[in-house]
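TrEMBL annotations:
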ACT_SITE  Asp159  active site, proton donor/acceptor
BINDING   Asn18, Glu395  Mg(2+) binding site
BINDING   Lys25, His219, Leu220, Gly221, Asn222, Gly223, Asp293, Met294, Arg295, Gly341, Val342, Gly343, Glu344, Asn345  ATP binding site
BINDING   Arg102  substrate binding site
SITE      His191  site 'Transition state stabilizer'
SITE      Arg252  site 'Transition state stabilizer'
Amino acid sequence: MTTPPSHTPAPTRVLVLNSGSSSVKYQLIDMADRSRLAAGIAERIGEGASAVSHQPLSTGGETREWQGELADHDAALAAIAKELAADGLGLDSPELAAIGHRVVHGGLKLTEPTVVDDAVLKEIERLVPVAPLHNPANVTGIRTAQRLRPDLPQVAVFDTAFHSSMPEHAARYAIDVETADAHRVRRYGFHGTSHAYVSRKAAELLGKDAADTNLIVLHLGNGASASAVRAGRCEDTSMGLTPLEGLVMGTRSGDIDPAVVFHLGRVAGMSADEVDDLLNKRSGLLGLCGANDMREIRRRVDAGDAAARLAFDIYIHRLRKYIGAYYAVLGRVDAVVFTAGVGENAAPVREAAVAGLEQLGLAVDGDLNAAGGKEARLISPEDARVKVAVVPTDEELEIAEQSYALVTASPGPGPEGGAG
Ligand code: ADP
């Protein structure tokens, strides 16, 4: 480097914040080399016995645990800032280029990473009725970070953004158009940051241009979603107005006849909120067999537990239906890609998901599938017509990439794809 001593190097660090109603997850990433400088979580904010768990990755030190009371998000971010400062990574650092925020719902207007200003914040708040659990916490996180570093660009990266390319025939429900439009009822899709990152990485793994690659991406974590990606753009995804639609998940039912809701109201006297709670928190794998962790379910299946076996079979059956459906949506498929906690780690899930689909060109190689690893890898036989891949997701890095690209391309605030 020939930088003169008087010249301040351009800032390259991005703090990524994922703010929930009672927690804030964070990572500090240096975009000069994509290295992770710190990571952690502040939990049980506003609940009395709060805690911060901080990994000082830049020093390679032990994880530090702090316990005390964090009354609100301001207190949580102050505690996080203190931990970072203890590693010499304080938030007052001139090396910080931006704070990147995960925002769950961007609706139809916020479809690109966006530098937050008042209009953008208003739009995120306007979407609270369609994302009541997430958007309020995301707004709180942004406001708190703004108070801490008012001079710094705060970038919002939306979970829904990648899916905004869905054509109307995939995004609309077949219900009365006026009612749908009046209440913004349509399919938005979620996990978009992961689907975007994994699609790009999968194309790289295949050695193909993303613009010439068709993929079925299966994000299987505690929440789970599938997407059909044509030429790098989302053409359909399994989550809809909310993250409840689609695959069987840890605690969510996924697809269900909507009449089940009316039926439970009529015959069981359940309120809308009670059915909401049932379908989101007490269904899926948990509702079927009492466990939502795939590791536990596999242990029980191996031990001959019938409920766990049935839960696993229902999970796989739904997954196979989506693979078939998205194969038909795309016509030509280059690869089926597994990601997130279950997709990256559970070989039996991957094997069962494509078993017997040789007619579709799909198969996994037993040894490659069983071999673990943290890298993106192919697990299909060498001559497979359609590849099967495992690609570890990294939503924080993707948020940092998008935030950094935005602030280095156009310094200074000003909403891109603005709130309008
Ligand atoms: P989230 O959806 O909460 O972000 P992850 O993508 O980390 O979560 O996925 C969490 C889930 O991954 C766990 O609930 C567990 O079922 C599953 N999982 C993690 N490790 C394994 C493993 N080795 N084998 C099977 N499933 C696993």
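Numbering starts at 1 and runs along the chain as it is shown here.
Placement of Cβ uses the backbone N, Cα and C atoms for every residue, glycine included.
In TrEMBL, annotation is done automatically, which means it is predicted and not curated.
Among the recorded positions Asn18, Arg102, Leu220, Arg252, Val342, Glu344, the residues whose Cβ lies under 6 Å from any atom of ligand 1 are, in sequence order, Val342. The binding residues for ATP are recorded as Lys25, His219, Leu220, Gly221, Asn222, Gly223, Asp293, Met294, Arg295, Gly341, Val342, Gly343, Glu344, Asn345; their greatest pairwise CA distance is 24 Å. Other C-beta atoms found within 10 angstroms of the C-beta of Asn222 (ATP binding site) number 17, with every protein chain shown included. According to DSSP, Asn222 (ATP binding site) sits in a coil region rather than a helix or strand. Of all the recorded positions in the record (Asn18, Arg102, His191, Arg252, Glu395), the one with the smallest CA separation from Leu220 (ATP binding site) is His191.
When the alpha carbons of Asn222 (ATP binding site) and His191 (site 'Transition state stabilizer') are compared, the span between them is 12 angstrom. Residue environment of Val342 (ATP binding site) contains 25 other Cβ atoms, counted within 10 Å of its Cβ in all protein chains. Across the structure, His191 (site 'Transition state stabilizer') and Asp159 (active site, proton donor/acceptor) are spaced 5 Å apart at their Cα atoms. Mapped onto three states, the DSSP output places Val342 (ATP binding site) in helix. You'll find the Cα of Arg102 (substrate binding site) roughly 5 Å from the Cα of Asn18 (Mg(2+) binding site). Looking only at the recorded positions Lys25, Arg102, Arg252, Arg295, the densest Cβ neighbourhood within 10 Å occurs at Arg252. Across the fold, the C-alpha of Arg252 (site 'Transition state stabilizer') and the C-alpha of Val342 (ATP binding site) stand 15 Å from each other. Local packing around the Cβ, expressed as the count of other Cβ atoms within 10 angstroms, is greatest for His191 among the recorded positions Asp159, His191, Glu344, Glu395.
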